[in-house]
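I have placed the structure first, in the form of structure tokens, so that the comments after it can refer back to it.
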Ligand SMILES: O=C(O)CCC(=O)c1ccccc1C(=O)O
Ligand SMILES: [Mg+2]
């Protein structure tokens with residue numbers, strides 16, 4: 001097992017209610033398995049996953065286990081609750097090698113009978129003035145997107161409603177709009193926002209309330225605007241969210257959930273309970289974006305996913321083999337993740 005650090009600046013930082021993400025640091029993981037070298041990526045996002053230092057410690061410990069142990073020992077040493085990004089890095093490398101050895105693209109390793117060429121994706125638009133927000137959505141629509149997610153919750157509900165209204169007036173009724181409050185609202189603010197976003201035809205709001213307020217989220221449902229939970233799934237609380245009937249949609253971030261396999265399993269469990277899975281990145285480099293894309297590609301009729309985040313990076317680990325046209329991302333059909341491990345550099 002080989003672990004190499006990387007750090008990539010963003011050309012287009014993402015402003016959310018909680019923070020502005022302007023740089024991503026992590027580790028490329030390589031692992032030889034079944035005659036193949038698999039590649040993975042651990043890109044921790046503090047607040048969502050462990051810190052970069054804890055991720056490095058987790059991977060170093062795993063590399064020690066790898067000296068005498070097999071892949072099962074390594075996986076067992078990487079706890080999804082405490083070091084999800086580190087586990088994601090190794091689990092992705094292992095899956096990439098397995099899918100290569102079996103001669104299938106990773107999504108078919110998850111779902112052998114499936115064929116999926118494209119996954120619908122949303123454009124992700126950060127916080128900004130009403131005019132800036134409408135400009136950004138208009139540009140996305142011109143580029144072919146028909147689903148946009150707007151970050152809200154940094155300013156007042158009045159200001160966010162004005163932003164969404166400016167967008168709706170600019171792009172018309174055919175574009176699906178979503179919002180993401182990143183847990184910023186009180187119950188009172190959320191109820192007010194939902195009342196006013198419903199006539200603007202907002203499909204769902206991601207994480208309107210703080211992560212642990214499952215009762216509040218359950219009460220927000222059924223108003224016409226859906227409730228999607230994201231932060232509430234950190235620390236592997238999917239079962240509590242499903243038990244509380246707190247969500248219409250689950251936002252599944254493989255980096256936060258401890259790997260692509262965990263995310264795929266949880267997507268199936270959500271579907272069984274009538275909850276729609278949406279797969280997103282944590283603004284990752286190309287290896288982790290491809291891993292998330294394959295998870296989404298394994299889900300039949302998946303809703304638009306938050307995977308189109310690659311163009312926010314000023315540099316990447318390797319060329320991105322995907323393209324987005326007409327609001328959907330192409331899925332590589334070559335084996336594994338669809339990237340040549342020898343092309344993945346940490347000084348790209
Ligand atoms: O879902 C998307 O459109 C892109 C991903 C995204 O918004 C995001 C990226 C990094 C950290 C948190 C989030 C989030 O969904 O809250
Ligand atoms: Mg979110």
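The chain as shown is numbered from 1 upward.
Placed from the backbone N, Cα and C atoms, the Cβ positions cover glycine too.
Since we're looking at a predicted model, the values are computed, not measured.
Annotation comment: TrEMBL describes 151 as active site, proton donor. TrEMBL lists 253 with the feature active site, proton acceptor. According to TrEMBL, the Mg(2+) binding site annotation covers 180, 206, 230. According to TrEMBL, the domain 'Mandelate racemase/muconate lactonizing enzyme C-terminal' annotation covers 130-227. Per TrEMBL, region 'Disordered' is recorded for 324-348.
Taking the features listed in TrEMBL, we show where each one sits on the structure.
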| residue | record | DSSP class |
| --- | --- | --- |
| 151 | active site, proton donor | strand |
| 180 | Mg(2+) binding site | strand |
| 206 | Mg(2+) binding site | strand |
| 230 | Mg(2+) binding site | coil |
| 253 | active site, proton acceptor | coil |
> From the Cα of residue 180 (Mg(2+) binding site) across to the Cα of the residue listed as 'active site, proton donor', what is the distance in angstrom?
Replying inline: 5
> In sequence order, which same-chain residues at least six apart have a C-beta under 8 angstroms from residue 230 (Mg(2+) binding site)?
Replying inline: 180, 182, 206, 207, 251, 253, 280
>> List, in residue order, those recorded positions out of 151, 180, 206, 253 with a Cβ under 6 Å from any atom belonging to ligand 2.
In response: 180, 206
>> Counting across all protein chains present, how many other Cβ atoms fall within 10 Å of the Cβ of residue 180 (Mg(2+) binding site)?
In response: 26
>> What is the set of residues, excluding 180, 206, 230, whose C-beta falls within 8 angstroms of the centroid of the C-beta atoms at the Mg(2+) site?
In response: 149, 178, 179, 181, 182, 205, 207, 228, 229, 231, 251
>> List, in residue order, those recorded positions out of 151, 180, 230, 253 with a Cβ under 6 Å from any atom belonging to ligand 1.
In response: 180, 230
>> What's the number of neighbouring CB atoms sitting within 10 A of the CB on the residue listed as 'active site, proton acceptor'?
In response: 25
